[in-house]
Each structure stands twice: as structure tokens, then as C-alpha cells.
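Over in TrEMBL, the protein carries these features:
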DOMAIN    37-199  domain 'FAD-binding PCMH-type'
ACT_SITE  R178  active site
ACT_SITE  C228  active site, proton donor
ACT_SITE  E303  active site
Amino acid sequence: MWWTWGARLAFDTLTLDRQELVLKRAEPIAPYTTFGIGGPADVLVEVYTERALQQVVREAISTRTRWLLIGGGSNLLVGDTGFRGLVIVNRIEHLSVNGARIVAGAGADLGEVVEAARENSLSGIEFAIDIPGTVGGAIRGNAGAFGRSVGDISTRVRLLEGTELVDRTPAELGFAYRHSNLKLNDHIVVEAEFQLQPGDRSEMDRIMGQHAAQRARRKEKGLHTAGCFFKNPILADGQKVAAGQLLEAAGAKEIREGGAGVHAYHANYIVNHGGASATEVLRVAREMKRRVEESAGITLEEEVMVVMDPTRDGAV
Ligand SMILES: Cc1cc2nc3c(=O)[nH]c(=O)nc-3n(C[C@H](O)[C@H](O)[C@H](O)COP(=O)(O)OP(=O)(O)OC[C@H]3O[C@@H](n4cnc5c(N)ncnc54)[C@H](O)[C@@H]3O)c2cc1C
């Protein structure tokens, strides 16, 4: 994000046609997020090519316009008054398989990478089945499940750093639990390469089936949620504790505020049951956090990226 205020939001100099870039003004952000929450963006552009992304970012930098990048919007809570500035929706979706490597545009669904791996009997990414969102969002947050994460299998990540395209190694990205250095800067993932291994298709199907069945118990399909709201805390002795279990034990499942409430099947999910505001979601989150602090003495840390403006969205 480019944090300068007072944006000049003409963007009339953008020269690309609709196959590369679609620009909308005063566009509600809610439909671009899985929470289904979020007021209008001053300007929203959907970019379909690397060239379009570069041109939009160059324009944003030269007009000192702040931006918010959205992939699948599955780890994002945007305020009810929306975003003053530019929202860039990444739709760079190319995908190719070269031997045991898969190269995907950052706007491709992670699920499509998983399916391409399955079709080509390439093993190593089975853990990612049913994780929503794009490749870019997954790289930034080092998305994962079942003890593995995308940082374990990525070999090269192409970034837009300012207006320069640069290839980075996983070591340079500093992957850790639900973390990469991309959380510390405004660099944009453009493409990622994943290294997999030739695998046995029926064994892969079996493992993916097991993972999918385990996830299905959470009854998460079609929910307006951003998945786990809090990270699993890591204790002083290095032990990782499931935030969902702490929340369950703290009685979080009964918490409800207007249209927002804790999911009946997973105590770390907040659900928009219909018409919830971002403020209601944050009130639920605050109460969840309070209960775990009180019952376990542990302060949970948010996993979901919250984009709100306290002066406009009001106090929580
Ligand atoms: C039902 C459900 C289940 C989930 N289960 C899991 C799970 O098992 N494991 C897990 O790790 N997560 C899970 N999540 C969370 C979410 O799916 C992941 O965090 C996902 O990787 C986010 O990707 P996205 O494209 O939707 O990112 P967004 O929500 O669009 O963006 C999230 C953040 O990443 C930034 N970003 C997006 N694209 C880029 C890019 N190209 N370059 C740089 N920054 C970018 C955004 O600016 C924002 O700050 C779940 C979510 C839901 C709704």
C-alpha cells in the first residue's frame, strides 16, 4: 500500500484496453471479499496482465495515490466506508506446467494450481486443497494447512517492487508461520514457481480426499468468512497451540454481534450471517480475544488483514 493521502484519482492516462485492465469508480468492495463486507473504493482496477499492473502502479506512485491490493479477498476485512484511494484486483492468471515445476500468475486460484498438480501427478501441494484465494495472497501470508505451507514448495517469486520486476528466492522472502517479508512492505507478487515431485496419482487422490473430508467437517463452503481470524499462538517454549481450541474452551462459539458471529463448527471463524458490518466483525473479534486472555492468559494475534479507517468507520 502507498500510504500518502490526498490522492489525485483521475487515472485518465491509463492507455490499455479492457482485455488488460478494467477500471470502475465508486465500486463496492464487498463482492471482492469472502466476508462480503466493504464499502466503495474511489477507484477499482482489475488488472489482467503484468504490463497493466506495472502501468497502474506507476500511475499510483506518480500521483501519490495509496493502494490496496486484492487477490481472492479471502483473508481481508474492509471497513464499511470503503477505501479512499485505489483498489487493485489481481487477475493475472496464467498457469503452466514444466516437468515437475508449476508457474502461476499471482491472480490464479491456488486451487487451480492444486488441480494442475493432480492432473499431472505432481505431489507436494496436496495440503493446499480447498484453501481459498490466489497464489499472490498465499505467498504473502505463507498460506498452509496440515503442517505444510506454500513457502515450503516455492522456488522463485516474481515481485513488482516499486515499478521494477524482480525475481526473489524463498530465502529472500523470509517465510515463517503465516508470514513473509511481503507483510512488511508494499511489494506485489506477480508470479510464483512451485517445485513438486512426480507422485502416485491414486495416493495423491487419497491424501487430498482425507484433507478435503477433514475440512468439510468445518462446513466452510459458501460461508461469508475469512477463515481463521487469529493465528495459532506460539508459546515461549516453542509449542504451537490451536487458537480454535483455546476459543472453543473459552466459550467463544456463543459470541454474536448484529449480523456477525462465531461459526458453530469452528471457533476461530467469524461469519457474516447476513448484513454484518465490519465494525460488528471487529466487536466479535475483540470479545473472542478478551475471553482467551481471561481464560488462558494468551493474547491472540490477528491473521486476517483489517483495512479500516477509524476516523470514518467509527469506534469498535
Ligand atoms: C473458508 C476459508 C478457509 C481458509 N483456510 C485457510 C487455510 O487452511 N490456511 C490458510 O493459510 N489460510 C486459509 N484461509 C485464509 C485465506 O484463504 C488465505 O490467507 C489466502 O492465501 C488469502 O489469499 P487471497 O488471494 O484471498 O488474499 P486477499 O484476501 O485478497 O489478500 C490478503 C492480503 O494479501 C495481500 N495480497 C493479495 N494478493 C497479493 C499479491 N499478489 N501480492 C502481494 N500481496 C497480496 C492483500 O493486499 C492483503 O493484504 C481460509 C479462508 C477462508 C475464507
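Don't overthink the numbers, they just go from 1 along the chain as shown.
Backbone N, Cα and C define each Cβ position, glycine as well.
Under the three-state DSSP scheme, E303 (active site) falls in the coil class.
According to its DSSP assignment, C228 (active site, proton donor) is in a strand. Counting Cβ atoms from all protein chains shown, E303 (active site) has 19 others lying within 10 Å of its own Cβ.
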